[in-house]
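Asks: My structure is below; once you've seen it, I'll send some questions.
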Amino acid sequence: MGYSILPDIATEILVPLAAVVGIAFSLLQYVLVSKVKMSPEEVSGKNGGPTDYLIEEEEGLNDHNVVAKCAEIQNAISEGATSFLFTEYKYVTMFMGAFAVLIFLFLGSVEGFSTEPQPCTYSKDKYCKPALATAIFSTISFLLGAVTSLISGFLGMKIATYANARTTLEARKGVGKAFIVAFRSGAVMGFLLAANGLLVLYIAINLFKIYYGDDWEGLFEAITGYGLGGSSMALFGRVAGGIYTKAADVGADLVGKVERNIPEDDPRNPAVIADNVGDNVGDIAGMGSDLFGSYAESSCAALVVASISSFGINHDLTGMMYPLLISSMGIIVCLITTLFATDFFEIKDVKSIEPGLKNQLIISTVLMTVGIAIVSWVALPSSFTIFNFGVQKTVKNWYLFFCVAVGLWAGLVIGFVTEYYTSNAYSPVQDVADSCRTGAATNVIFGLALGYKSVIIPIFAIAVSIFVSFSFAAMYGIAVAALGMLSTIATGLAIDAYGPISDNAGGIAEMAGMSHRIRERTDALDAAGNTTAAIGKGFAIGSAALVSLALFGAFVSRAAITTVDVLTPKVFIGLIVGAMLPYWFSAMTMKSVGRAALEMVEEVRRQFNTIPGLMEGTAKPDYATCVKISTDASIREMIPPGALVMLTPLIVGVLFGVETLSGVLAGSLVSGVQIAISASNTGGAWDNAKKYIEAGASEHARTLGPKGSDPHKAAVIGDTIGDPLKDTSGPSLNILIKLMAVESLVFAPFFATHGGILFKYL
């Protein structure tokens with residue numbers, strides 16, 4: 001079959017080296033952000049030149065009261081976010097321990113907790129490590145993935161709350177300065193997450209190899225727990241964070257904007273701190289854990305299939321590590337791409353913000369295409385075999401280049417289609433804004449129609465990438481296509497985290513009483529961030545579809561299912577129930593937001609009605625009570641949706657068996673992707689339709705405004721309805737389809753051996 005150009009020792013060096021470079025680059029960005037000082041003492045006397053002095057006087061840089069106020073607000077947001085995450089992690093850690101015990105018991109019982117070597121699943125003439133070893137190491141890798149996911153979310157939240165006020169202060173010097181601080185802060189999160197995920201996975205593989213030795217089949221089966229740990233934590237982070245942020249947002253908007261007619265982020269609004277905290281725990285910590293889960297799962301799916309292909313059979317380490325080498329190249333490519341935004345080109349005006357962010361996606365995709373070609377050429381033999389449902393399919397190295405590349409470019413297509421349907425620079429959102437002339441009802445109708453229509457092109461892009469990658473390299477091709485879509489995760493996360501940081505910066509500017517000119521700059525940063533956040537959600541959903549399909553293929557192989565026949569009752573009932581699950585999950589999460597928002601609205605109304613001088617600005621609202629309402633509600637409400645996702649594969653696998661479970665996975669994948677895309681885009685469109693009217697940047701927009709007009713009030717109602725769609729239900733659905741698939745893969749040996757209890761006795 002041939003050998004790769006890159007020797008094994010070089011692979012052993014390059015993968016961890018790329019991860020270390022990514023961590024070092026993130027720390028450098030952190031140091032650069034920290035140069036923006038947050039105390040009046042540090043600020044005074046630092047700018048000596050006459051030009052700087054003139055800018056200071058012009059923009060009010062010498063107002064030390066503003067600096068102190070920004071620091072105070074930043075501390076309140078940071079403390080609220082940290083307190084919430086620690087509370088959430090306390091409950092999640094208990095779940096983590098309980099589920100780890102469950103993994104050990106289920107997988108250990110496959111062979112009756114035997115310590116004797118067992119015949120390998122795919123090489124019956126060889127003996128592999130006992131099932132008890134798989135149980136122990138799967139449990140360890142689950143805990144590793146869970147802890148890495150929690151740390152990823154926490155670090156992202158900390159840098160975001162560190163950078164939000166610094167972005168506000170830099171906005172006094174110009175929109176370009178503020179953009180660089182927000183983007184560099186997002187890059188800290190992006191590179192830390194990508195590098196940590198890669199490094200922990202690499203270390204785990206090498207540590208497990210000490211025990212497993214030549215048993216690569218058992219080794220990489222145990223590694224799948226890493227993806228399960230990452231996604232299970234991401235589910236709770238996404239759901240709890242989404243409920244938190246939307247409860248506060250809906251409460252703040254309905255009472256503040258609609259009833260009291262005060263600006264967004266007005267310090268008189270009791271829910272304003274909770275709203276800003278929510279941006280960090282939902283859109284930063286939740287998104288970080290989510291994309292880490294996608295990365296971990298796609299890597300695990302590719303490694304499982306590779307371990308029973310020629311790479312694993314022949315113990316070709318470099319070929320085996322191809323998915324990790326792709327991720328390593330992605331870190332280097334994203335590092336170069338980041339420099340285009342922060343060093344090579346300067347953002348000089350508001351109009352160049354959004355193109356600057358979109359160029360990051362284009363540059364990283366083009367450079368990564370070259371990177372994929374290099375990795376495929378040096379890391380893969382010219383010809384090798386890939387496991388394909390019981391047979392070995394002969395594959396050439398350039399086949400895998402096309403598999404990864406098609407996933408990469410499909411991600412870009414999904415990103416730009418998402419932008420077209422959610423940015424107010426284009427006609428779909430402008431049409432939604434125009435529909436507000438006749439009230440909230442027509443706004444809702446137009447928004448729903450836009451969301452449904454926005455599904456079409458992304459689904460075709462996913463379908464093409466599935467067809468091409470499967471044709472070239474079976475399920476392994478789909479797994480590496482998902483990795484291709486996620487290969488630029490560092491840039492994607494930097495762009496995604498930039499949005500909530502800019503949103504917080506605008507809120508801090510409003511609460512600190514800064515000039516209208518500064519608020520206009522932060523609003524421009526935030527508007528671009530809204531669009532890029534929608535693009536990030538598109539990437540997450542597209543990659544989730546490919547990851548889930550790859551995991552589904554690995555599950556079918558691991559459970560020894562030769563065909564999944566939808567005409568058999570066992571499979572069809574699973575299919576139709578699986579298609580229902582995303583609706584059930586969405587209903588639970590949206591109602592949770594509604595219940596939490598109801599509490600918030602009542603509290604905000606109570607404070608406005610009972611605190612003398614609050615509306616006049618002479619009294620201070622009780623922010624802490626609103627923060628507590630969001631925290632308590634999100635922790636309480638995250639449990640039922642989480643239980644639905646985590647228990648469904650276990651119940652179906654144990655009671656109905658692997659064939660019915662395969663139907664459930666296929667059904668949830670097919671319906672979940674559609675609902676996730678339409679929900680996220682509908683919510684994003686309603687949000688930007690409201691911002692289109694508020695900004696009044698065009699003649700058409702000015703005919704719909706100003707703030708407080710009837711069309712604007714209709715747009716606010718649409719935005720409020722869309723909040724749980726775009727920030728809770730939609731983004732959480734991609735975790736549902738991934739998590740059920742990876743959980744089924746981890747428990748496949750148990751289901752195949754002991755599952756289907758009901759059908760055995762019918």
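Keep in mind that glycine also has a Cβ here, set from the backbone N, Cα and C atoms.
As listed in TrEMBL for this protein:
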type	residues	note
TRANSMEM	13-33	transmembrane segment
TRANSMEM	91-110	transmembrane segment
TRANSMEM	130-157	transmembrane segment
TRANSMEM	178-205	transmembrane segment
TRANSMEM	320-341	transmembrane segment
TRANSMEM	361-379	transmembrane segment
TRANSMEM	399-422	transmembrane segment
TRANSMEM	443-468	transmembrane segment
TRANSMEM	474-495	transmembrane segment
TRANSMEM	539-561	transmembrane segment
TRANSMEM	567-585	transmembrane segment
TRANSMEM	735-759	transmembrane segment
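Neighbours and distances for these, please.
Replies: Remote same-chain partners of the transmembrane segment (13-33), defined as residues 6 or more beyond its termini with a Cβ less than 8 Å from a stretch Cβ, comprise 6, 159, 162-163, 166, 181, 184-185, 187-192, 194-196, 198-199, 202-203, 321, 324-325, 327-329, 331-332, 335, 338, 490.
Same-chain neighbours of the transmembrane segment (91-110): 131-132, 134-136, 138-139, 142-143, 146, 150, 225, 228-229, 232-233, 236-237, 635, 639, 642, 646, 746-747, 749-750, 753-754, counting only residues six or more beyond its ends whose CB sits under 8 Å from a CB of the stretch.
Long-range neighbours of the transmembrane segment (130-157) within the same chain, counting only residues 6 or more positions beyond its ends whose Cβ lies under 8 Å from a Cβ of the stretch, are 81-82, 85, 89, 92, 96, 99-100, 103-108, 110-111, 113-118, 189, 192-193, 196-197, 200, 204, 208, 211-212, 218-219, 221-234, 237, 280-281, 284-289, 292-293, 296, 493, 497, 746, 749.
Remote same-chain partners of the transmembrane segment (320-341), defined as residues 6 or more beyond its termini with a Cβ less than 8 Å from a stretch Cβ, comprise 11, 14-15, 17-19, 21-22, 25, 29, 180, 183, 187, 190-191, 194-195, 197-198, 201-202, 216, 295, 298-299, 302-303, 306-307, 311-312, 356-357, 359-360, 363-364, 367-368, 371-372, 374-376, 379-380, 400, 404, 479-480, 483-484, 486-491, 494.
Note on the transmembrane segment (399-422): residues 322, 326, 358, 361-362, 365, 368-369, 372-373, 376-377, 380, 428-429, 450-451, 453-454, 457-458, 461-462, 464-465, 468-469, 472-473, 476-478, 480-488, 530-531, 534-535, 537-539, 541-543, 546, 680-681, 684-685, 687-688 of its chain, located 6 or more positions outside it, place their CB under 8 angstroms from a CB of the stretch.
Long-range Cβ contacts of the transmembrane segment (567-585) within its own chain (Cβ-Cβ under 8 Å, at least 6 residues beyond either end) map to 641, 644-645, 648, 652, 656-657, 659-672, 675-676, 729, 732-733, 736-737, 740, 759.
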Asks: Excluding the flanking five residues on each side, which residues at least 6 beyond the ends of the transmembrane segment (361-379) place their CB within less than 8 Å of a CB in that stretch?
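Replies: Apart from its flanks, the transmembrane segment (361-379) reaches 4-6, 11, 318-319, 321-322, 325-326, 329-330, 332-334, 336-337, 340, 397-398, 400-401, 404-405, 408-409, 411-412, 415-416, 484, 487-488, 491-492, 495, 535.
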Asks: Counting only residues 6 or more past its boundaries, what in the same chain has a CB within less than 8 Å of a CB in the transmembrane segment (178-205)?
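Replies: Cβ under 8 Å, 6 or more out: 15-16, 18-23, 25-27, 29-30, 32-33, 36, 140-141, 144, 148, 151-152, 155-156, 159-160, 162-163, 166-168, 170-171, 219-220, 223, 226, 230, 284, 288, 291-292, 295-296, 299, 303, 324, 327-328, 330-331, 334-335, 338, 341-342, 347, 353, 356-357, 489-498, 501-502, 505, 521-522, 525, 529.
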